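What follows is a set of notes on a single structure, which appears directly below.
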């Protein structure tokens, strides 16, 4: 049996490799014009490097002052050492972040130069869903239909849906989607429809083709009603056998099928409560195996169940890179940015992920390529299989490379909650490259979280996954250094260490404030020239962030909201990500994956659209945030009183300003405690508990300081 599985893996590897070489050779013969262009963003690179030079000079002056202060004070204060250690850690993370800014590039594609349809390679589309209550089947089917309607030869398109809930509703919805697609796909092709997600299309009010549109709209309403009727009996199975059902097989050629259709397959893997299933990575690997037997396309498009295809030409755009003979041999995947259709202009929860996809990924694109980002990427199957030909027939060796399951785990890696980051990292370490394709029209659009609790829970899961990789033998700053360029390693290293932002932020939100109440200066006097060095470090950081926001189409409000939410995430999601990782390594907590709720009630959406924070969330997440805000309110009031009574404004201004800045940025938290009366305000019980914790902390620490002195 083992020899059979080994032969299957080796055979599939060579089939994929042969298919890829055939597509590349046909392209070489068909066109001599470039399929894409890569342009360095020279002005951005100059600005970034100038900023780096100025900031590093200010940092060196900052460290020189701290070092001289420690040498002059014997022994140095523990509180001063804590603050300096926090500043050093922030500086290290800043240094790692500069790798993203060193060589940003932009790309342009020419899909019209691709070879004719019959020469294009086949594509398998993987869509994953896990909970029909949090991920409504109707929304999932809209994603499925948008994938089926891609502007690509239908005989070379195969759509697979993984249903980890094994829901009968989702299976029935797939059948209904198949029936509706027989009308929807010809309609899209006939009129050249751009928005091929039915729900998005019918939401648009400026549409033509009235007669045809009304006809297809009636069919969509019937499709919608059938799914909603089935949802009344929506159940999620915890223990179920595997199911693979071919919903639509183009080779059958049924009489009522007048248009060529993509292959549509429903997959539900076997699940038992006491056997680890590795969450999304496990689901993707099952699709990888099932598809290798049914279609075995050389390229794979992976989508989240809420991330519908907004531009039907995305597959052709991706092929402009995959079929370029100059870069294709080492190209693992083409990553499209994640963009969302539910985000308001204020974007109070930083759901745009602007810094990631607009600043960092173009910077990595100028190095070895962006990280794998979970959804919206076209992957070469050969890259996921690894180099099987080098492994020989040694079963133990093969299991070491592909995993220790009963058969072979190939593809997306386990042992981390974020399989995308981990898999992309090892692909880059093996010498594979990636590219970013960021067209003007978003290729894919998803549903962003519109509730603070969901956003922070999701962030906790991501940061726990990052630390799982960091604490493994594949620690990016160490493992990647001998396998990638220094700058590419720094990019991965930044995310590996990102949860550590919580440590300096907790320190800088408490220690200077404690010292302020006890008359202990932490920063230079305002009258000292050294104060300008500290102020420069702070101001340069704010101005650079503002510049990045403005040149990427954002506003001052966007900049301010991103500043706020970075603080909130650092105090909550990053902190709990560290705690979860520690508990898992101590075997005190089992890994869990809760899908983000894609269903938002009217009140929740109203608050989000008004730019009001929804504080209906776990007290475990809310209490630390409120406690730090109250602590800074107390220290700010005490600092102002000390400056007025003792005239110590020259020594204490830096600490008073720090407390004021924290309060100013977190004004929505103060508003949620004081003036708001709606249900989404901060509960009085949480505010009272936070007040008690703040007073206890300040009192005990102040007593300890007096005892030491």
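Cβ atoms here come from the backbone N, Cα and C positions, even for glycine.
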Which listed span TrEMBL calls coiled coil, if the choices are 213-240, 241-268, 269-296: 213-240
Between residue 420 (active site) and residue 280 (Mn(2+) binding site), the C-alpha gap once rounded to whole angstrom: 10
Calculate the distance in Å between the alpha carbons (Cα) of residue 164 (active site) and residue 280 (Mn(2+) binding site), and round it to a whole number. 9
With the cut-off at Cβ under 8 Å and a gap of six or more residues from its ends, the chain residues touching the transmembrane segment (621-640) are 453, 456-457, 506, 509-510, 513-514, 516-517, 568, 571-572, 575-576, 615, 652, 655-656, 659-660, 662-663, 666, 669-670, 673, 682, 686-687, 689-691, 693-695, 697-698
Rounded inter-Cα distance in Å - residue 135 (UDP-alpha-D-glucose binding site), residue 304 (Mn(2+) binding site): 10
Local confidence of the coiled coil (213-240) - pLDDT mean: 83
Inter-residue C-alpha distance, residue 134 (UDP-alpha-D-glucose binding site) and residue 304 (Mn(2+) binding site) (nearest angstrom): 13
